[in-house]
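As written in Swiss-Prot, here are the features:
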- 2-181: domain 'KARI N-terminal Rossmann' (DOMAIN)
- Tyr25, Gly26, Ser27, Gln28, Arg48, Ser52, Asp82, Glu83, Arg84, Gln85, Gly133: NADP(+) binding site (BINDING)
- His107: active site (ACT_SITE)
- 182-327: domain 'KARI C-terminal knotted' (DOMAIN)
- Asp190, Glu226, Glu230: Mg(2+) 2 binding site (BINDING)
- Asp190, Glu194: Mg(2+) 1 binding site (BINDING)
- Ser251: substrate binding site (BINDING)
Amino acid sequence: MVKMYYEADVKQEVLRGKTIAIIGYGSQGHAQAQNLRDSGYKVVVGLRPGKSWDVAAKDGFEVLTVAEATKRADVVQILMPDERQAQVYRDEIAPNLKSGAALCFSHGFNIHYAQIVPPADVDVIMAAPKSPGHLVRRVYQEGFGVPGLIAIYQDATGNAKDLALAYSSGIGCTKAGVIETSFREETETDLFGEQAVLCGGASELVKAGFDTLVEAGYAPEIAYFECLHELKLIVDLMYEGGLARMRYSISDTAEYGDYSTGRRIITDETRKEMKKVLAEIQDGTFARNWILENQANRPGFTSRRRLESEHGIEVVGEQLRGMMSWINKDTKKEEVKIGQ
């Protein structure tokens, strides 16, 4: 069984009086910075000039260059996109990192795949909320917290675990519960979930269902509702109570179709391919390909993004979502928060 930690396990004094630098002010950056400040910790934000600088300043933070924020900080939480972290670390963080400080991450990609190699005299920890930033912030403001993960990669001071727990408490996670993991486990399972299920798997399944109905002569609008729009209804039920809650809530006809058809779609061959995907994550193949793609200025990524945006489901979806005022309102409200 995994080890769970809660508020009673936290030694907040290990973080009191320290300066925390949040590097990046996107989805997680804005939420973690504000939660930590509201928990009574001293927070500065390290950024390069741009939109996020103005947003962080408007939110009342002292905004510094990444180099200056690192010089000032006892804890440096790197919350920039994975593909930008290594260069920013080499150019601006590493030369200014204090001995005995802590490097903190919310995803282990750059540590696990050695794109960031920290010096031996700093702690390297993870504090990873298992929710998007806007939810991390909203739930904290309601007096609660979202679940999270902690991991220790390097314990130079002997206080790394206590520091990870105190940081997690500062952003609200120990109110819900924090699971101890490793940088390897978090990185590999996170990438697999994204690729095989949440993003790659789900998007291809949705498109395949949409295409099947449209090619059979059904209206694209109806296909969109059946294969994409209603997915949220099902996922929300799973989120609230697992597969059992979902199956309890749907009709018996839908439940019978689940049992009789599901394994015809996700076949043994699909499961074998999932194992190949996991192996490519474990042996570094995916990481190498993604790093090289970025070094080449993302030609394949950019091309695929354009092609996907032209798929029929996007065309009809844009029209139908225009009828849904609540979606447009919610999207606009979070637009600033999720931009990097």
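Cβ coordinates come from backbone N, Cα and C, glycine included.
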Residue among the binding-site residues Ser27, Ser251 whose Cβ has the most other Cβ atoms within 10 Å: Ser27
CB contacts for His107 (active site) [other CB atoms within 10 A, all chains]: 21
Candidate binding-site residues Arg48, Gly133, Glu226, Ser251, pick with smallest Cα gap to Glu194 (Mg(2+) 1 binding site): Gly133
Nearest of the recorded positions (His107, Asp190, Glu230, Ser251) to Ser27 (NADP(+) binding site) - Cα to Cα: His107
Mean of the pLDDT scores, which run from 0 to 100, over the domain 'KARI C-terminal knotted' (182-327): 98
His107 (active site) versus Asp190 (Mg(2+) 2 binding site) - Cα distance in angstrom: 8
Residue from His107, Glu226, Glu230, Ser251 whose C-alpha is spatially nearest that of Gly133 (NADP(+) binding site), among the recorded positions: His107
For Asp82 (NADP(+) binding site): intrachain residues, at least 6 apart, with Cβ closer than 8 Å: His107, Phe109, Asn110
Rounded Cα-Cα span from Glu226 (Mg(2+) 2 binding site) to Arg48 (NADP(+) binding site), Å: 44
Pairwise C-alpha maximum, in angstrom, for the residues (Tyr25, Gly26, Ser27, Gln28, Arg48, Ser52, Asp82, Glu83, Arg84, Gln85, Gly133) that bind NADP(+) according to the record: 20
Rounded distance in angstrom between the Cα atoms of Glu226 (Mg(2+) 2 binding site) and Tyr25 (NADP(+) binding site): 37
Conformational class of Arg84 (NADP(+) binding site) under the three-state DSSP mapping: helix
Arg84 (NADP(+) binding site), number of other Cβ atoms within 10 Å: 16
Nearest-integer angstrom distance between the alpha carbons (Cα) of Glu230 (Mg(2+) 2 binding site) and the residue listed as 'substrate binding site': 14
DSSP-derived helix, strand and coil totals, residue by residue, for the domain 'KARI C-terminal knotted' (182-327): 125 helix, 0 strand, 21 coil
